[in-house]
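Down below is the structure, laid out as structure tokens.
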Amino acid sequence: MAPKGEKKPAEKKPAEEKKSTVAEKAPAEKKPKAGKKLPKEGGSAAGEKKKKRSKKSVETYKIYIFKVLKQVHPDIGISSKAMGIMNSFINDIFEKLTQESSRLARYNKKPTITSREIQTAVRLVLPGELAKHDVSEGTKAVTKFTSS
């Protein structure tokens with residue numbers, strides 16, 4: 001008599017095999033979701049070292065907004081939500097100015113965007129008094145930069 005752990009499966013008859021192939025479908029395999037990655041089999045080898053991913057540096061104007069706020073109103077703070085809105089506002093204005101200045105450079109068939117194109121873009125993008133103040137502040141900044 002064979003030990004209990006070693007039972008041999010009974011042989012199937014050829015007639016039963018034909019019925020099972022026609023009647024049964026192979027179970028559908030589940031595909032892993034696109035967002036999740038399966039871990040690699042075998043783990044990490046002894047010779048392999050994992051490379052650390054460096055974080056992408058996201059440039060914001062938050063520190064500069066805060067510095068200007070403290071110059072203008074030293075006693076007033078700003079919430080993180082308001083800071084995010086101000087950062088988005090500055091990014092939007094800079095985007096508009098760069099688009100306009102590049103368009104001006106293309107119209108004049110110039111390969112370089114100079115302070116003149118930026119100044120004209122400021123006059124076109126920003127309204128009235130704001131444009132005048134920005135042009136004067138920009139001119140002051142450029143003269144300070146060139147003199148130093």
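Every residue gets a Cβ built from N, Cα and C, even glycine.
Positions annotated as compositional bias 'Basic and acidic residues' by Swiss-Prot: 1-32.
Long-range Cβ neighbours of Lys144 (ubiquitin cross-link) (same chain, at least 6 residues apart, Cβ-Cβ under 8 Å): none. Look at Lys144 (ubiquitin cross-link): DSSP puts it in a helix. What Swiss-Prot records for Lys144 is ubiquitin cross-link.
The N6-acetyllysine annotation in Swiss-Prot covers Lys7 (among others), and the record cites similarity to another entry as its basis.
Sequence annotations record features per position, and here Swiss-Prot assigns N6-acetyllysine to Lys36 (among others) based on similarity to another entry.
According to Swiss-Prot, the feature N6-acetyllysine maps to Lys37 (among others), an assignment based on similarity to another entry.
Under the heading region 'Disordered', Swiss-Prot lists 1-57.
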